[in-house]
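Colleague: Copying in the features that TrEMBL gives for the protein in this structure:
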type	residues	note
DOMAIN	6-167	domain 'Glycosyltransferase 2-like'
TRANSMEM	231-253	transmembrane segment
TRANSMEM	265-287	transmembrane segment
Amino acid sequence: MPKKVSVIIPCFNESEGLLLFYKDLKSHLPEKYHYEVIFVNDGSADNTLEVIKELRQNDSSVHFISFSRNFGHQNALKAGFDMASGNCAICLDADLQHPPKLIPQLMEKWEEGFESVVTKRIDHDSISGFKKLTSRMFYQLTNRLSDVKLENGVADFRLLDRKVLDALKSFSENQIFLRAVIQWLGFKQCIISYKAGERVAGDSKYTLKKMLSFALSGITAFSIKPLRFSIYLGLLFAALSFLYGVYALAVFLFTNNALPGWTSILMSVLFIGGLNLLMLGIIGEYLGKLFIENKKRPNYIIAETDLGTLN
Ligand code: UDP
Ligand code: MG
């Protein structure tokens, strides 16, 4: 009985390049395994789902999970992992930026006994300077602020053994940040480097806004350091304003040049006010997270799927 491998592909408005992707993927899957190719349609507005269903007519290994709306890349991956039935699962993007030709290498590592094989992107010239810069900033910031260390450029292109998939199922947290969660889980890990290619069709679905919210949730999901930071900063400024108060009092008591001081008062009020807002914002971010987690809502809603067992 050959081992079964699940391939998971999150798709959001990818109809243009999907056929090309599918052909490339198929040509790189080693023959000795049995496959289940799961496309997760993350509430696409174009005809991505129709394209997937067409593929399915000629290829019984193709399956789909279709969400009721857009739940985001991370949740699409989570759905795929939850429903995969293989001995291992491989996830990759539908735009060929995660080269399918790397799959045999991932599987070799798996056969060697690694349970979590991650890939690391080496930046390609075609990737915009802006994307490179923001992605580097993202890794530096998350590493400095959170308690899990992420390797620079680690992508959501990886292979997970059944053991890791089962462990992952017990995670029900919303706004799940898979890269860090998988690292946190442990198991035998190894890294493969690759050169990122260009998107074959369509545009990146990660807008600046999505990237920012991704970074924020990545940091706050794994660390309370920003909260602690707000305490230090608050203490520092309380001490500074105390010193300033002593100085003002001394000027008032011992000299004759105690001016109305409108400027300095206004400036300190504004500054402390701004700082207050910043710190409230940090606390609010965590509070909001608690609020959302507390509702224990599902990470995604499946509108349609051909995978029988929901587990
Ligand atoms: N994606 C998704 N839901 C989203 C955004 C993206 O399922 O809300 C999918 C998308 O179809 C692609 C993968 O996630 O297969 C990565 O997205 P994209 O290529 O836009 O991100 P980038 O490579 O620019 O980081
Ligand atoms: Mg991409």
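All residue numbers here begin at 1 and follow the chain in the order shown.
Every residue gets a Cβ built from N, Cα and C, even glycine.
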Colleague: What mean pLDDT does the predicted model reach across the domain 'Glycosyltransferase 2-like' (6-167)?
Modeller: 87
Colleague: Near the transmembrane segment (265-287), which same-chain residues lie under 8 Å Cβ to Cβ, leaving out any that are not at least 6 residues past its ends?
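Modeller: 216, 220, 224, 226-227, 229-230, 233-234, 237, 241, 244.
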